[in-house]
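**Student:** So that we are looking at the same thing, I have put the structure below in structure tokens.
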Amino acid sequence: MAGIKNLQDLQNTEYGIKKIFNDAEDFLPILGTDYVELYVGNAKQSAHFYKTAFGFQSEAYAGLETGLKDRVSYVLKQDKIRLVLTTSLVQDGAINKHVNEHGDGVKVIALWVEDATKAFEETTKRGAKPYLKPTKEEDEDGFVIRSGIYTYGETVHIFVERKNYKGTFLPGYKKWESHYNPKPVGLKFIDHMVGNVGWGQMKKWCDFYAKIMGFAQIISFTDDDISTEYTALMSKVMSNGNGRIKFPINEPAEGKKKSQIEEYLDFYNGPGVQHIAVATNDIVRTVKAMRERGVEFLYVPETYYDDLLERVGKIDEDVEVLKENGILIDRDEEGYLLQLFTKPVLDRPTMFFEVIQRKGAQSFGVGNFKALFEAIEREQANRGTL
Ligand code: FE2
């Protein structure tokens, strides 16, 4: 399709954002993101990092003390966001294999549903590869049913039915009481989670979300929209019916040098989650707090702000304050959004976070892609991977 430069063009295409509510089918009603689980090399230390740097709170724990023999999981929470960090306690096995191949990374994007058995049946009947058959887990606080399917790479979706459970996180976990409780930084919920897939694979995975999960495509960007002197990518955004779950899917496109998506695929050894976008309702406060606690953000040149108001029109925030904090702004016809991206939070140049505040805009900041990608290219050049 033709290049889309702004949301006006977007609304004029068949992919208009409003169409989603007609298109997304209801055979898989999703209430929200339930949790995101990362397989990591050292869950205890990762948990300390996400508490300190991102302001997550200690929520739940499972390990030797709760009767597990082979792994340990720390559950962290901030408002509606739940992160689970899991490390193997034994040699070999699926968790170690995942960490060996991919480094630390997202294994599970868990989705909160009314009926995990039906979610499994509806998606596998449409061709999803099963990961976990519907399984009932229970303790004195009730029961949870979970089931799961594979998505891109080794990433999986787990469906969580928790309406009959009132305990901490899941059966088998105990409340994690810690004397170390850094304040939250104002992160509220997961706005979207982006997957990087291989050359020519974007359509396949968008079809997966459309046909198997009943999602609708809301936005498409071609390499005309998203290219700099060196790198290019293509992206489509898939959303479920109520819009609470949004999964942009990226694939690399030909550029003069290696694109950021290829760099990701090389280091992750395949497709996986590229970034988790977390929403705040005060991005200046959130970003300031994260920086003070050691989070590194991508650097945007000050010239970005020179013609900012001409590009985005009137905004509530003081441009000087946004400039001081390196926050990016983009407008679409419904409003505007403020956003900022961290550098990769892991050893490999793979996953990073986005902090986003929406003021009406429902798009993803396409107007910032060029400035952003140039910032990423500077980082790639430093790593010798451009
Ligand atoms: Fe994003």
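Just so you know, glycine gets a Cβ as well, placed from its N, Cα and C.
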**Student:** Just to be sure I read the record right: His192, His275 are listed as binding Fe cation in TrEMBL. Which of Glu114, Glu121, Glu354 is listed for the same site?
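**Tutor:** Looking through Glu114, Glu121, Glu354, the residue TrEMBL assigns to the Fe cation site is Glu354.
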**Student:** With an 8 Å cut-off on Cβ distance to the His192, His275, Glu354 Cβ center, who else from the chain surrounds the Fe cation site?
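**Tutor:** Those within range, site residues removed, are Asp191, Met193, Val194, Pro248, Gln274, Ile276, Ala277, Val278, Phe341, Phe353, Ile356.
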**Student:** What are the non-local neighbours of His192 (Fe cation binding site), defined as same-chain residues 6+ apart in sequence with CB under 8 A from its CB?
**Tutor:** Val237, Lys246, Phe247, Pro248, Ala277, Phe364
**Student:** For His275 (Fe cation binding site), list the number of other Cβ atoms lying within 10 Å of its Cβ atom.
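**Tutor:** Step by step: centre on the Cβ of His275 (Fe cation binding site), count other Cβ atoms within 10 Å, giving 23.
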**Student:** Tell me which residues of the chain lie with their Cβ under 8 angstroms from that of Glu354 (Fe cation binding site), as long as they are six or more apart in sequence?
**Tutor:** Asp191, His275, Ile276, Ala277, Val278, Gln339, Leu340, Phe341, Thr342
**Student:** Using DSSP, how many residues in the domain 'VOC' (32-162) fall into helix, strand and coil?
**Tutor:** 35 helix, 64 strand, 32 coil
**Student:** So what's the average pLDDT for the domain 'VOC' (32-162)?
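**Tutor:** Mean pLDDT, the domain 'VOC' (32-162): 98.
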